[in-house]
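If you scroll down you'll find the structure; I have some questions about it.
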Amino acid sequence: MSPASKYLKAIGAAVSRGRRRILSSEGNRVRSQEIRYFDYIVVGGGSAGCVIASRLSENPRNQVLLIEAGPDNRRWRVDMPAAVADLVLDKRYTYQYRTAPEPYLASKVINQPRGRVLGGSSSINGMVFTRGNPGDFDIWESEYGCAGWAYKDVLAFFRKLETSDFGETEYRGGHGPMRIVVPKMRNPLNQAWMKAGKQAGYPLLRDSNSATQEGFAPHEQNIVNGYRCSTAYAYLTPDVRLRPNLTIYTDSTVEKLVLVGKRVTAVEIRRLDRHEVVEAGREIILSGGAVNSPKLLMQSGIGNAEELKQVGVTPIHHLPGVGENFQDHPDVAIHMACKVPSASLLSASRFPRKYLIGLKWFLCKRGFAATNHYEACAFLKSRPELAEPNFKFELFPAAMQPDSYEFYPQPTFQMNIGLMTVASRGKVSISGPRPSDPPVLLLNYLKDPIDLQSLREATRIARRVLAQPAMSEYAGAELDPGSDVQTDEELDAWIRKRCTTAYHLAGSCRMGPATHPDTVVGPDLRVHGLHGLRVADASVMPTIVSANTNATSIMIGERAADFIRTA
């Protein structure tokens, strides 16, 4: 290369702009067009992606592009905490994915909405903040070969991401972007439920996100001043968005990763109804989540070679673990009649009170619409010999009718039972070569008999808690499954019929050593056998954490940014 050419190339990289032709992995010339050049491209502006883009752009020398398929998060429907039930059904902000017929649930098909908005699923979820058990992360290192991911290693990043109501302690952070609050426990139903937990013999915890997880505790929330505190809200503040070295594309879909040999060099995107190519000088970080990260890899020719050929994709890099190890927390709920109507949310969902509640939120960001109404939770063991809790209880002051998004016509509440330690594994596949071809999701819920056994045991524990004296003022008749459902066989049939998702998809780009056939990324989150590509989101979890997955996804984003900055 001549000195003049070198000079011009350096200038082009410095200003992160240029006209150039690039080659695909197969040597086919991509059509000439004006493209942009960045140091780092973050694909997916979700729970981890917003974190990574914000952290990398702290260095003014890094030119960073964040690409999100959905719209900006700055919409009232996203901001209002109580709007979550409508939000997850809104196609403007979600991918409305569905599973394939689940073979161990009598071929039931389960809705799997995922965030399609800046902030990703942190912009549409229930806003509860639970990290998981310290033992979850120790197992990642000791049993799955993920060196540097033990609890002692990840704790610093959990602390870094948050400003907790508990202040700065050995376990909690006091200066991070995410605002984590302890609810005021205003609903007397939640207060009674906490007392019932104690009467049933379980400890009451001040903080279940510290050293000890087992017991009943306030359900911490990522809500600040009446607003949802998503990663877009927390990490992409107005000041961050004004950084000259950070570019954010919304309503822009990445359709393919471009490889030259074994290096991922660029992304092909559809933006403003036209195709563009954007090149990365250093790295591309894939943060599409547990569905879209493996989907994009496979549609780019990275995955199980034989399976890719079967759906019309030319294999470029054989990596059979892509899409495997897919996990979720199965969930069932006991529905109860509520003897104190004011403790149930039914009246709040009806005219005219519903609109008065909304008006109060619009005027002062307070009241019923400024909370998610999940004020208490419990992490417990279904069997005493277990080392750590394996299920979670949540109380919600209204119950939705089975297989419906509609409340019962009378005052109710429900007690959700989520299995946190899951033995069953599923798979993400693609149905065709085009970006518009939907993914095929199979979770294999309850495939492993231990999952069914654990949910049955947890259901009996839930009933015991609900039968405590503290709940007698509130708990009426059991509406579902009903007091006549008692035997193992009856409970198992009910669980299979009612089992659904907790919306905690994970594990489909598993982290671990390259010697294991099912792993996709190493402990540094680099994709095995490729250069210039990392995956950083819930898909890299070797095993799903025993808690809601969003807090851990944010931590993974912090960890990824640190890996990249220190590389």
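Yeah, the Cβs are placed from backbone N, Cα and C, and that goes for glycine too.
Keep in mind it's a predicted model, so treat the numbers as computed, not measured.
Sharing the record's features from TrEMBL:
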- V117, N125, G126, M127, V128, V254: FAD binding site (BINDING)
- 115-138: domain 'Glucose-methanol-choline oxidoreductase N-terminal' (DOMAIN)
- 289-303: domain 'Glucose-methanol-choline oxidoreductase N-terminal' (DOMAIN)
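Can you tell me where each of these features sits in the structure?
Residue density at M127 (FAD binding site): 24 other Cβ atoms are found within 10 A of its Cβ, drawing on all protein chains shown. In the three-state DSSP reading, M127 (FAD binding site) counts as coil.
Only residues 6 or more beyond the boundaries of the domain 'Glucose-methanol-choline oxidoreductase N-terminal' (115-138), in the same chain, are considered here, and those with a CB under 8 A from a CB of the stretch are 44-50, 68-73, 78, 81, 84, 87-88, 92-95, 149-151, 153-154, 158, 162, 178, 180, 208-209, 211, 213, 219-223, 228-233, 236, 248, 250, 289, 372, 374, 377, 379, 387-389, 392, 394, 503, 543, 545-548, 550-555.
Mean predicted confidence for the domain 'Glucose-methanol-choline oxidoreductase N-terminal' (289-303): the pLDDT average there is 99.
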Looking only at Cβ atoms, how many others are within 10 Å of the one on V117 (FAD binding site)?
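The Cβ of V117 (FAD binding site) has 29 Cβ neighbours within 10 Å.
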Provide the number of Cβ atoms within 10 Å of the Cβ of V254 (FAD binding site), excluding the reference atom itself.
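Result for V254 (FAD binding site): 26 neighbouring Cβ atoms inside 10 Å.
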